[in-house]
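Only one structure is covered here, and it is reproduced in the block below.
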Amino acid sequence: MSRAKLDSIRAAGPAILPSLLQCDFGDLRTEIEKLTVAGTRVLHLDVMDGHFVPNLTYGMPIVEGLRRHTDMPLDVHLMISDPVAYARPMVDAGADMLTFHVEAVEDSVEVAGKIRDMGVGVGVAINPDTDFGKLDCCLDSVDMVLVMSVNAGFGGQKFNPVSLDRLRSLKERKPDLLLEIDGGIKAETIGEARAAGCDLFVVGSAIFGQHDYETAINVLTQAMHGSPPSAGDQS
Ligand code: DX5
Ligand code: ZN
């Protein structure tokens, strides 16, 4: 539980972060082992409250359970209406990075400051339909921007290319800010996101929908570096 883990997240980039949303929750230990063998260096945890988004996933007990089984940094995406209320319990459970949604809060600078004071990395997320200008005031208060390329809430949605313009703009204005993208990332979309300046690529279906995670991650890594998927690859 320290901002030192933020450095390891930064050092991992460019990196693919499996999103624990469509995994086998009945056998999380095996899922983590398979992802570790496949070369994963950071895990992305999707926390949904059934209020900010209509879907409901998991909370502190799962984060705490994962913390006991891996040393990997835990990047926690809070799709919840009251991120401040759950920030401390999430940090105590073992989160290393907490990302709140700009749509969920009144004062993003204040929320970012409170999370930062808890000793973890802080990110702000923005949905594709939200006015991009809403981020301006808090860019100096966060370590990372999570540019959503789908509306937060569900896996398996179609990639929205507005995210690419947003990444390019952020990279130009704030070159040192960590940039993450989430939603519809697969071999066909990851290369463009990398070219737009993204560092961290959250992936759900393109890993968990595949039989072999290692092959899936290798295909994505190649595509991230600009090699198009070949005919025999998974996608
Ligand atoms: C969506 C979640 C994502 C999701 C991505 O609200 O934040 O992390 O798991 O899933 P795919 O890669 O299937 O779009
Ligand atoms: Zn996510």
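Placed from the backbone N, Cα and C atoms, the Cβ positions cover glycine too.
Bear in mind that TrEMBL entries carry predicted annotations, made automatically and left uncurated.
In the three-state DSSP reading, D46 (active site, proton acceptor) counts as strand. According to TrEMBL, the active site, proton acceptor annotation covers D46.
Here TrEMBL flags D182 as active site, proton donor. D182 (active site, proton donor) carries a strand DSSP state (E or B).
Here the Cβ of S19 (substrate binding site) has 23 other Cβ atoms within 10 Å, regardless of which shown protein chain they belong to. Look at TrEMBL and you will find S19, H77, G153, F154, G155, G156, D182, G183, G184, G204, S205 tagged as substrate binding site.
Just so you know, the Cβ of D182 (active site, proton donor) picks up 25 other Cβ atoms within 10 Å once every protein chain is counted. Taken from TrEMBL, the feature divalent metal cation binding site applies to H44, D46, H77, D182.
When the recorded positions H44, D46, H77, D182 are ranked by how far their Cα is from the Cα of G153 (substrate binding site), D46 comes first.
DSSP assigns S205 (substrate binding site) to a helix in the three-state reduction. A distance of 13 Å separates the Cα atom of S205 (substrate binding site) from that of H44 (divalent metal cation binding site).
The 10 Å shell around the Cβ of H44 (divalent metal cation binding site) contains 26 further Cβ atoms across the protein chains shown. Compared over the binding-site residues G153, G155, G184, the count of CB atoms lying within 10 A of a residue's CB peaks at G184.
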